[in-house]
Amino acid sequence: QNSCLRRVVIDKSTPSPLCSFAHSSLPPAAPLKMFDKVIGAILFASWANGMLFIVGGMQAYKYFANFPNDHWATKAAVWCAVTVDVVSIMANYAQAYLYMITHWGDLEYLFASVYWPMYLYVLTTGLSAFIVQNYLIFRYWRATKYAIVCVVIWFISATGLVGALLTLVVIIQSTSNEAARSTTSTMVIIWLVGATAADVALAIALVFQLRKMQSAFTATQSILHRLIRSAIQTGTITSVMAVITMVLFLADNNSNVTLSFGYPLGRVYTITLLYNLNMRKEMRGAGISRTRDTSSGGGNGPHGHGPSGERGIGLESLGGIHIHRTAIVKIDDSDVHKAKTEIDQASVRTQKEDKF
């Protein structure tokens, strides 16, 4: 570099690319520290995004390898989430390259307007949250049939997506970076608060449902506690990241610091989905993920019950995790005789009513 600079002083011919870089349009007095919040945040986001994308890719490989016969809707949700991740990380890398290579030192480019990588960031992050949340809502509905709860959570999730789309429209129509940042505060709040509220609502609903499931078996009870912790953890991680992204944007909307958490947010949603799906393999290994109810037949007890009076009472499905619950029913002879007498009396009353 020193020889290059000396050549610039002696030789007035066209300088080499290195000399052009040394004499770029960046003002000599401009402190490089000012770029920490503009370029440094984008660089950090690309690092975090890349690492999380690798984790998500490994989880996706495990899913397709271990569950090739899953329902087409589940596979479609995974493919959509992974595809959105690919688009988002390409946008992140493109923005880093444009800021640090193509337009290095061009202050007008850095601060004057918002460009297409930001459009893709807003769109893909909103879609990632919506895809994952809707899949979990669907699984919760299949497990509980609580339609009202599912509809409420869906509207909250849809509100977050609408906020993201409104943010996208505003920044596309804005004539400058400053105008875009100053007019999107309300939309960003709607977007990230909606995503956070949906995550929290899903976690609460799952925990409430799991706590209702009690088992006489220590191993099964331990698994239920583990599922409760998992529901809380996965919901908490995405919620905390969304809140941090919103707070950083509102605190300093003239910088890109918020993107340090905003860009990786979509990857975390995808990892959450894949983690819940891949957990089924561990649950199956623990012996609680059977798809056949013990009450449907077999066993040494009467009416398909097990040797100790075990009776299957249902097969639940929460977040792609199947839970087989078993109840121990102890019946003595006096209870059997009493129940038989009551049944006979009820049968007689029914016959009389039919004749009447």
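Backbone N, Cα and C define each Cβ position, glycine as well.
These features come from TrEMBL:
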- 296-312: compositional bias 'Gly residues' (COMPBIAS)
- 195-281: domain 'DUF6534' (DOMAIN)
- 287-312: region 'Disordered' (REGION)
- 38-64: transmembrane segment (TRANSMEM)
- 76-98: transmembrane segment (TRANSMEM)
- 118-137: transmembrane segment (TRANSMEM)
- 146-172: transmembrane segment (TRANSMEM)
- 188-210: transmembrane segment (TRANSMEM)
- 231-251: transmembrane segment (TRANSMEM)
- 257-277: transmembrane segment (TRANSMEM)
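Counting C-beta pairs under 8 angstroms (sequence separation of 6 or more), the transmembrane segment (38-64) reaches the transmembrane segment (257-277) with 3 or more such pairs. Confidence over the domain 'DUF6534' (195-281), given as mean pLDDT on the 0 to 100 scale, stands at 80. Within the same chain, the transmembrane segment (188-210) stays apart from the transmembrane segment (257-277): fewer than three Cβ pairs sit under 8 Å, each pair at least 6 residues apart. Among the recorded stretches 118-137, 231-251, 257-277, the one sharing the largest number of Cβ pairs closer than 8 Å with the transmembrane segment (146-172) is 118-137. Non-local neighbours of the transmembrane segment (118-137) in the same chain are 74, 77, 80-81, 84-85, 87-88, 90-92, 95, 150, 153-154, 157-158, 160-161, 163-165, 167-168, 171-172, 191, 195, 198-199, 202, 206, 238, 242, 259, 262-263, 265-267, 269-270, 272-273, 276, 319; each lies 6+ residues outside the stretch with a CB under 8 Å from one of its CB atoms.
Within its own chain, the transmembrane segment (257-277) has Cβ neighbours under 8 Å at 37, 41-42, 44-46, 48-49, 52-53, 55-56, 59-60, 62-63, 67, 70, 74, 77-78, 81-82, 84-85, 88-89, 92, 121, 124-125, 127-129, 131-133, 135-136, 230, 234, 237-238, 241-242, 244-246, 248-249, 319-321, counting only residues six or more beyond its boundaries.
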